[in-house]
Amino acid sequence: MAGTNLKLVSWNVRGMNDKVKRAIILDHLKKLKADIMLLQETHLVGQRVRSLNRSWLGPVFHAEYSTYSRGVAILFRKTTAPKIEKIISDRYGRYIILKITVYTKTIILANIYSPPPGDLTILQTILGKVAELGDHPVYWLGDFNAVPDPTLDRLRPLKGDSRALGEWLNTPIPT
């Protein structure tokens with residue numbers, strides 16, 4: 001990796017319990033050569049989380065819920081070597097937040113899966129947890145099941161989910 005540029009990938013994988021599907025996903029991620037990979041809807045629990053380990057990967061962090069829904073993970077390429085300062089995860093598998101130092105920069109990663117219908121309450125909770133981590137760049141990634149601008153949502157125009165997400169995105173992080 002040149003300089004301090006990070007390549008991040010966010011992907012709703014819609015389940016990784018199937019061994020073949022999991023191998024395809026991980027092979028594709030390897031080819032993308034991302035430094036940090038944020039996955040949503042992994043559906044992995046217990047010992048199955050270990051199935052994410054690969055020789056080219058470094059640390060793997062996961063918030064699980066059930067084998068049928070939710071679950072988020074953050075994977076690091078082995079060469080990225082982050083220093084983990086804080087881990088915050090949700091027992092319902094909707095988010096995992098990491099405060100890390102990577103390539104001498106301290107950043108906050110928030111990997112979010114917001115199941116439909118959109119829930120502004122959980123997003124406000126996440127915002128509060130991120131605020132506790134200090135004043136650092138925040139990378140918000142994930143599947144919000146909504147769009148920031150409801151006028152662009154061709155599937156469900158002007159639904160409350162998208163309107164709530166737009167409002168949340170314009171909310172400053174409390175200091």
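Every residue gets a Cβ built from N, Cα and C, even glycine.
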Query raised in the report: Out of Glu41, Glu132, Glu167, which is the one TrEMBL records at the Mg(2+) site of Asn12, Asp143, Asn145?
Result: Glu41
Report task. Pull the DSSP breakdown for the domain 'Endonuclease/exonuclease/phosphatase' (9-157) and write it out as helix, strand, coil residue counts. Result -> 39 helix, 52 strand, 58 coil
Report task. Please work out the number of neighbouring Cβ atoms within 10 Å of the Cβ of Asp143 (Mg(2+) binding site), leaving out its own Cβ. Result -> 21
Query raised in the report: Can you tell which of Asn12, Asn145 has the most other C-beta atoms within 10 Å, given these are the binding-site residues?
Result: Asn145
Query raised in the report: Applying the rule Cβ within 8 Å of the centroid of the Cβ atoms of Asn12, Glu41, Asp143, Asn145, what extra residues of the same chain belong around the Mg(2+) site?
Result: Arg14, Gln40, Tyr113, Ser114, Pro115, Gly142, Phe144
Report task. Starting from the Cβ of Glu41 (Mg(2+) binding site), draw a 10 Å sphere and report how many other Cβ atoms land inside it. Result -> 23
